[in-house]
Amino acid sequence: MSNIDFKALERAANETRGLSMDAVAKAASGHLGLPLGSAEIGAALFGNSLIYNPKDTRWLNRDYFVLSAGHGSMFLYSWLHLSGYDVSIEDIKNFRQLNSKTPGHPKFHDTPGVEATTGPLGQGIANAVGIASACKMAAGKFNTEQHQIFNQKVVVLVGDGCLQEGISQEAISFAGHHRLDNLIVFYDSNDVTLDAMAIETQSEDAVKRFESVGFEVQLVLEGNNIGSLINAYQNAKHSKSGKPQIIICKTTIAKGIPEVAGTNKGHGEAGVKFIDSARKNLGLPEEKFFVSGETRQYFEQHEKQLEKLYQEWQATFAEWKSANPKLAQLLESAHEKHEAIDIMKQIPEFPTTPIIATRKAGSDVLQPISQYLPLSVSGSADLHGSTLNYIKEGRDFTPACPTGRNIKFGIREHAMGAMMNGIAYHGLFKVSGATFLVFSDYLRPAIRLAALSHLPVVYIFTHDSVGVGEDGPTHQPVETVSGLRMIPNLDVIRPADPEETAAAFSLAYARADGPTLLSLTRQNLPFLPGTAQKKREGTLRGGYIVVSETAPLRMILIATGSEVQHCVEAAKLLGDDIRVVSMPCTELFDRQSNEYKQSVLPSGCRNRIAMEAGVTSFWYKYVGLDGKVIGIDRFGMSAPGNAVMKQLGMTSENLVNISKQ
């Protein structure tokens, strides 16, 4: 913006240093290095360059700011406070305290103005790439020649640690290839990591690294010079190169505390003991948590300037809605909630022949869902041909086709997971992503953050057991499903036939308060007994009775996915006093009423056997000390899938034998 008051911005930068020092000192915990070293970056962005509205934090066309180096959270909280967001001085005083708005690392939903949950290094830059992708999709879908309602920038602040993490390379490679020119990376290049100087662990040329993947690079040698930073931002914002941008800022970690500045001791809270002298060095008064009247006045005026831009956009938006009622209706639909039962009605019942794999059933289910939810997008880590989650009526997302609904993430599972989170943070698109279940370990940190942040993403993970067969134990998950069930707020659904799969996808696409993981087979599975309606409705409750006993109940067989068929066959051999329960989603079943759970698994029947082609430990919560679990507590082997299953005891015959022991 014109008429830059550099004195005011420099004063604000120093006052955020004071806020950060006081907050970390009061908490006796936290990180000073980035908030002090990057204060001028904050001044250039929040005090001049970013377009935002603190009164409308979800404004559709705001610029996004993601703090990838989440340990520097006081940087963000300080600037949000000055910028007029609902982050008070009292909130800053409660930094890292119980139930505060200012947790140790930024958390989506907890703090107004925080765009992404960050802290695990590298996640934020991949989140930003996902957000930038979603912004491209939105612009492609909704902008017209007359009205550009989406033209924002996505800014992410990264440090040396973020860029050492492998996920960063996956993310920037995607961004460069897809020419995400709405992405601007600020690299706080202070040459220091927690343990030592960065030169002890890296010697790469950052300029060449980013240029090689398609970024336009600017190097700001005086990374604490506000004028240089603003100029660099404006150059990046108005670049005609069609490339994503990175501004490498050579900064001094913990600037303002000479005793630790420029060293690894400045990373954490070690500098707290020197803050009294630092306050004098920075020209700050002795008063703690001090913000001057001049700084508050500056930001009040700045907010008024931003409000003008906001109102201008609102006028354009109103014109756009009037001129494009169908597009306006589509945009509004992004915020509509959908019930699983309504989504499920869009999916025709399956013919009972031929038998098919649940991954194939998933493909058949995805097509009507994608028509019903036109703002849904689906991606894969170079496995669309195997995971079968390609939206057939949607083209590929490319620079030339930003409206494409199929995202080719490439063989970048970790970035895929974090980019999916970014698309979900954006909020307009329902995103799913696919790979083989065994490779979920590559993106588990992103799955965990999706669950923590209550992001409604959908994971479509196929080839879900030793039934994979010939590829062998490297590709045969055994511990994976149980491990994923341990993540709070993640619903894991392992359907047993196409009708259960229809309900599973409906649940996943309806869920708005967290992620859902679909575990699907490579191998064909028979249809379970019962009507499509019974199986679908039962799946919506997480677990249900597939085969009812016709004599006094003697035993309950519990299974998921490909093993339910063995329980059904075993029940035929064991007698009419056997009940078979399919439990595709234990998390959902656990959320049912006690009355319903007792109707399916009555506590009076303690003779229970659970069967799943994976580790056994998880299932004892359902079978109890008197029950048995048939599973696989070892790695698999390379052979045809049926042979591996038989060798490892995943058969109805083995189930019958164990039931008699």
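Our numbering is plain: 1 for the first residue shown, then up by one each step along the chain.
Placement of Cβ uses the backbone N, Cα and C atoms for every residue, glycine included.
Note that the coordinates shown come from a computational prediction; the quantities given were computed from them, not determined experimentally.
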*According to Swiss-Prot, His71, Gly119, Pro120, Leu121, Asn190, His267, Phe439 bind thiamine diphosphate; which one of Gly161, Gly223, Gly410, Gly469 is listed for that same site?*
Gly161
*Need a hand: Swiss-Prot gives Asn190, Val192 for Mg(2+), which of Asp110, Asp160, Asp276 is also on that list?*
Asp160
*Go through Asp160, Asp471, the listed binding-site residues, and name the one with the sparsest Cβ surroundings, counting other Cβ atoms within 10 Å.*
Asp471
*Which value in Å gives the longest Cα to Cα span across the thiamine diphosphate site residues His71, Gly119, Pro120, Leu121, Gly161, Asn190, His267, Phe439 as recorded?*
34
_Spatial neighbours of Pro120 (thiamine diphosphate binding site) among the recorded positions Asp160, Val192, Glu413, His463, Asp471, Arg522, defined as Cα within 10 A: which are they?_
none
_Cβ-based neighbourhood (8 Å from the centroid) of the Mg(2+) site, residues Asp160, Asn190, Val192 excluded_ = Gly33, Gly37, Gly159, Asp188, Ser189, Asp191, Thr193, Met197, Ala198, Thr251, Ile253
*Asp471 (substrate binding site) to Val192 (Mg(2+) binding site) - Cα separation in whole Å*: 43
_Spatial separation of His31 (substrate binding site) from Asp160 (Mg(2+) binding site) - C-alpha basis, Å_ = 15
*Out of Gly119, Leu121, Arg359, Arg522, the binding-site residues in the record, which is closest to Glu413 (active site, proton donor) when you go by Cα distance?*
Leu121
